[in-house]
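Listed features, source TrEMBL:
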DOMAIN    42-293  domain 'G-protein coupled receptors family 1 profile'
TRANSMEM  27-49  transmembrane segment
TRANSMEM  61-88  transmembrane segment
TRANSMEM  94-121  transmembrane segment
TRANSMEM  133-158  transmembrane segment
TRANSMEM  197-222  transmembrane segment
TRANSMEM  243-266  transmembrane segment
TRANSMEM  272-295  transmembrane segment
Amino acid sequence: MPFSNSSDLSPSFLLASIPGLEAAQGWVAIPLCSAYVLALLGNCAVLLVVRAEPSLHAPMYLFLCMLAAIDLALATATVPRILCFYWFGSREISFGACLLQMFLIHALSAVESAVLLAMAVDRYVAICHPLRHAAILTSGATAKVGLLAMARGVLFFLPLPLLLLPLPFCGSRLLSHSFCLHQDVMNLACANTTPSVVYGLTAILLVMGLDAVLICLSYLLILKAVLRLAAWRERLKVFSTCIAHICVVLAFYVPLIGLSVVHRFGKNLAPLVHIIMGNIYILVPAVLNPIIYGVRTKQIQRRILSLIHVTDR
């Protein structure tokens with residue numbers, strides 16, 4: 001149904017259904033809901049454990065708490081709305097709600113990218129300049145990094161919905177995903193979207209792109225310092241402190257790059273690919289991050305096991 005946000009008082013979009021499985025979407029939503037519950041439990045457990053364990057009040061674990069809070073917010077901004085569609089048939093999303101969801105997804109992703117960069121810098125300082133680590137990465141500095149990450153995410157991605165706000169939408173209302181993304185919404189506009197295209201690409205490159213380059217640079221410097229160590233056992237022991245962070249970085253950037261590639265070059269791909277890639281991008285980091293750090297961090301393991309033991313008793 002054609003519509004225009006300049007003439008329609010309540011324009012809306014249609015969320016994408018799963019092709020060929022429309023009648024069974026209620027069942028398909030069960031694993032999605034299970035992954036969301038797992039993400040909630042895992043990230044809440046990380047927040048509670050770090051808060052309750054004084055030995056974990058260090059920059060790396062404070063950054064991990066920020067990561068958990070971001071993953072909770074990102075999953076909650078999208079998954080409940082998807083479940084409402086799959087279970088209750090609420091397919092239509094208003095223009096304002098779509099822009100808000102779009103902004104939250106992109107801004108929170110930018111904040112998560114900045115926190116991952118901060119964690120990489122933390123590992124670099126801890127390995128290459130261990131005597132200065134406590135002086136450089138204080139609790140105050142960690143808090144300031146979190147605030148700066150949030151401010152950067154908001155400032156860089158707030159223009160995205162503002163650029164789409166005045167555009168007319170007079171063609172298809174059907175999105176490619178079960179939630180709203182900038183490029184997906186922008187492609188439905190029936191006007192010149194060059195400013196949105198240029199700004200969106202610039203924001204992605206200056207934020208996620210630059211963060212990825214700096215994370216790689218941090219690990220090149222870490223690798224250079226590790227290779228200076230004489231014994232292989234020492235090298236493995238030092239580098240093993242970075243394994244969890246490397247896995248978390250891959251869990252964030254691989255789905256992000258995959259989704260970007262699908263949007264840029266996958267116009268001829270089946271709609272199912274877009275939906276699967278979108279859900280992976282939203283849920284995989286939120287589910288995997290607490291599992292990765294839970295497996296790699298003995299303090300978190302012990303605290304969670306002690307909490308389970310107390311609950312059982």
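For all residues, glycine too, the Cβ spot is worked out from N, Cα and C.
Stretch with the largest number of CB pairs closer than 8 A to the transmembrane segment (272-295), among 27-49, 133-158, 197-222, 243-266: 243-266. Within its own chain, the transmembrane segment (197-222) has Cβ neighbours under 8 Å at 106, 109-110, 113-114, 116-117, 120-121, 123-124, 127-128, 152-153, 156-157, 159-160, 163, 182-183, 186, 239, 242, 246, 249, 253, 256, 260, counting only residues six or more beyond its boundaries.
The average pLDDT for the domain 'G-protein coupled receptors family 1 profile' (42-293) in the predicted structure is 90. For the transmembrane segment (243-266), the list of distant contacts is 67, 109, 112-113, 116, 119-120, 123, 176, 181, 183-184, 204, 208, 212, 215, 219, 273-274, 277-278, 280-281, 284-285, 288-289, 292-293, 295-297: same-chain residues at least six beyond its ends, Cβ to Cβ under 8 Å.
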